[in-house]
Amino acid sequence: MNLEAARAALRDARRVAVLTGAGVSAESGIPTFRDAQTGHWARFRPEDLASPDAYRQDPDTVWEWYAGRYRDVLRAEPNGAHYLLAQLEGLKGNGFLLATQNVDGLHARAGSQRLVELHGNLLSARDEITGEVFALPDPDVLETPPVSPNGHRMRPNIVWFGEFLPEDALATASEAFASADVALVVGTSGVVYPAAGLALETLRQGGVVIEINPEETELTPLLSFSVRDVASRGLAALLGQAAS
Ligand code: NAD
């Protein structure tokens, strides 16, 4: 398949499923874990903090890291890729689903609504006793660890290493990928579950899977077509638009 054919497949598709990873927010200045060199990202190794064990041992440090990331994502702005995906949703309507592994809330801020957040998000926290989710206050007044309106300590509303993805979010994503005419895999390395599984489901059902990533990934050899570019330009090329 070439770019022309990929564009035509996307244009004609009635059902479109999209999976995004950290790369889609790189142009908004939010580093992928792998690329992180500065700030909270360099001081801490995610794998040392993003786990139930780390939280049990040192909730203050874990919360310090998440509060810093929360502040960072609120300062960031959605980029062209986030907006183009919101626009694609507008074109496809009910036949569209965006599943993101990102926790930065930028897709929602760009207007995406048919959206499932597979790994939770940084803008909310979860009551440790009841499991209820509450929006965090403004970072300037956030005290960590935060306490829920029920008076219980809250944990970050994030799926940590070793935890299961929320069942309903994963079921919604699996269904959309299994029935998609075209699936897009944008800014994710494809090695981490569920990226590979979702894309392969689309292929198994005879759908087309298009990757957008400046680098080759482990999924690349299996897919129908790869746009070897950053997310904003790659999506603009696929949608037949000039990149913003
Ligand atoms: P990842 O699997 O999400 O890898 C990032 C991918 O993005 C790589 O394949 C890289 O080639 C690609 N990429 C880099 N710049 C890009 C660009 N401008 N356009 C398109 N693609 C680009 O791995 P990770 O970063 O280690 O993340 C692991 C987990 O942590 C994932 O769940 C991820 O979503 C999450 N995470 C989320 C955020 C966020 O919410 N913004 C940031 C870091 C990590």
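Cβ coordinates are placed from backbone N, Cα and C, and glycine is handled just like the others.
Taken from TrEMBL as is:
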type	residues	note
DOMAIN	1-244	domain 'Deacetylase sirtuin-type'
BINDING	TYR66, ARG69	substrate binding site
BINDING	GLN101, ASN102, VAL103, ASP104, GLY187, THR188, SER189, ASN213, PRO214, GLU215, ALA231	NAD(+) binding site
ACT_SITE	HIS119	active site, proton acceptor
Minimum Cα separation from ARG69 (substrate binding site), reported as the residue among recorded positions VAL103, HIS119, PRO214 that achieves it: VAL103
Fewest other Cβ within 10 angstroms of its own Cβ, chosen from the binding-site residues GLY187, PRO214: PRO214
Contacting recorded positions, sequence order - ARG69, VAL103, HIS119, SER189 vs ligand 1, Cβ under 6 Å: VAL103, HIS119, SER189
Cβ contacts of ALA231 (NAD(+) binding site) (under 8 Å, same chain, 6 or more positions away): THR20, GLY23, VAL24, ALA26, GLU27, ASN79, GLY80, ALA81, VAL186, GLY187, ILE212
Site diameter for NAD(+), Å, by largest Cα distance between GLN101, ASN102, VAL103, ASP104, GLY187, THR188, SER189, ASN213, PRO214, GLU215, ALA231: 22
DSSP three-state assignment (helix, strand or coil) for TYR66 (substrate binding site): helix
Averaged pLDDT score, the domain 'Deacetylase sirtuin-type' (1-244): 93
Inter-residue C-alpha distance, GLN101 (NAD(+) binding site) and the residue listed as 'active site, proton acceptor' (nearest angstrom): 5
Between TYR66 (substrate binding site) and PRO214 (NAD(+) binding site): CA-CA distance (Å): 28
Alpha-carbon spacing, SER189 (NAD(+) binding site) to HIS119 (active site, proton acceptor), which is rounded to whole Å: 16
Per DSSP, three-state class assigned to the residue listed as 'active site, proton acceptor': coil
Local Cβ density at ARG69 (substrate binding site) - other Cβ atoms counted within 10 Å: 21
For GLN101 (NAD(+) binding site): DSSP state (helix, strand, coil): coil
For VAL103 (NAD(+) binding site), nearby residues of its own chain (Cβ under 8 Å, 6 or more apart in sequence): VAL73, GLU117, HIS119, GLY120, ASN121, LEU122, ILE158
